[in-house]
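Features reported for this protein in TrEMBL:
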| type | residues | note |
| --- | --- | --- |
| BINDING | 101, 103, 137, 163, 363 | Mn(2+) binding site |
| DOMAIN | 186-277 | domain 'Peptidase M20 dimerisation' |
Ligand SMILES: [Zn+2]
Ligand SMILES: [Zn+2]
């Protein structure tokens, strides 16, 4: 089969489907309408699928595991709580909800890959599962799909995922070996002191002074606690405490995040944060109450799988359009759970307009994607899946 020709034939349908998703986006955990539309399209094309996680997720499959191994393609389907400001004719019809992270593109490309792989089924040496995953934006739909068994029966060997990037022109793609996205932990710290008159600080325990020392002290966690060649972020983004200028504050509460690029550094950040909080509170005779909320783990690509998929990409879109990134990002991505469970590859699909001076970033109310990237996305997902079925 001439894959490129078939993708070109399918492109108007896939673009229309993407625009439909864009007009009717669903927030994380509320993806039932998107999944119902996907189910209809999969069913119409004779593709087997099952709905999961209360109808917010779908897992399709083509081919037969009896013929070889099984690999998976993953698309996230959720949108963001934002009111769109693009003015596009197919802009979101749901006020306060927008596909500002391009997950509509991911979903349309994965559907295209599923339809084409179904047409290629007699030639497939193995099985390809296609995951339509909910709730990437915050609550970790990937982890729940894995817990629900999407990587088992039959056993999935590798997972391949992509994310659009408006800083890269449509038609191009970027790969990163090893560490790609950071791990994230959120925290709330409550510093308990003892309130009293502001003129007599010796009678109380000043939680505001404690907070000041704590915020200064945590700057040393990244700068002194980890290697200058590793990366970490410790941020306090919100702080509240005290009631009046002439009252010593008895309580300060702050929230923040910590980012790291390995499990080892992640554990170190957690430990040092707790030690610093307890140490500073102890100095003042107060008490620290630390609540840690672990978020996504670090996304680490498998080098062998990435090599295979990047080689397939070079063959599909030309070596001049394949970028190898050298720096990871401190942003997070819940594909990390797939990459932790199986040797996997996550890569970036350029969606920027090469003729525009400004391409608005992801999560902007003015984010737009050059839809020509759908063609590249379908091509790379199919070529990548076929390469993984025969290699590694
Ligand atoms: Zn996002
Ligand atoms: Zn995203």
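Every residue, even glycine, has its Cβ placed from backbone N, Cα and C.
TrEMBL annotations: computationally assigned, not manually curated.
Here the features listed in TrEMBL are placed on the structure.
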residue: 101; record: Mn(2+) binding site; Cβ neighbours (10 Å): 21
residue: 103; record: Mn(2+) binding site; Cβ neighbours (10 Å): 30
residue: 137; record: Mn(2+) binding site; Cβ neighbours (10 Å): 20
residue: 163; record: Mn(2+) binding site; Cβ neighbours (10 Å): 24
residue: 363; record: Mn(2+) binding site; Cβ neighbours (10 Å): 14
Checking the binding-site residues 103, 137, 163 against ligand 1, those whose Cβ falls under 6 Å of one of its atoms come out as 137
Extra residues within 8 Å (Cβ to Cβ centroid of 101, 103, 137, 163, 363), Mn(2+):
76, 78, 80, 99, 100, 102, 136, 362
What does DSSP give as the helix, strand and coil breakdown of the domain 'Peptidase M20 dimerisation' (186-277)?
37 helix, 33 strand, 22 coil
Helix, strand or coil by DSSP: which one applies to residue 163 (Mn(2+) binding site)?
strand
Can you tell me the mean pLDDT for the domain 'Peptidase M20 dimerisation' (186-277)?
97
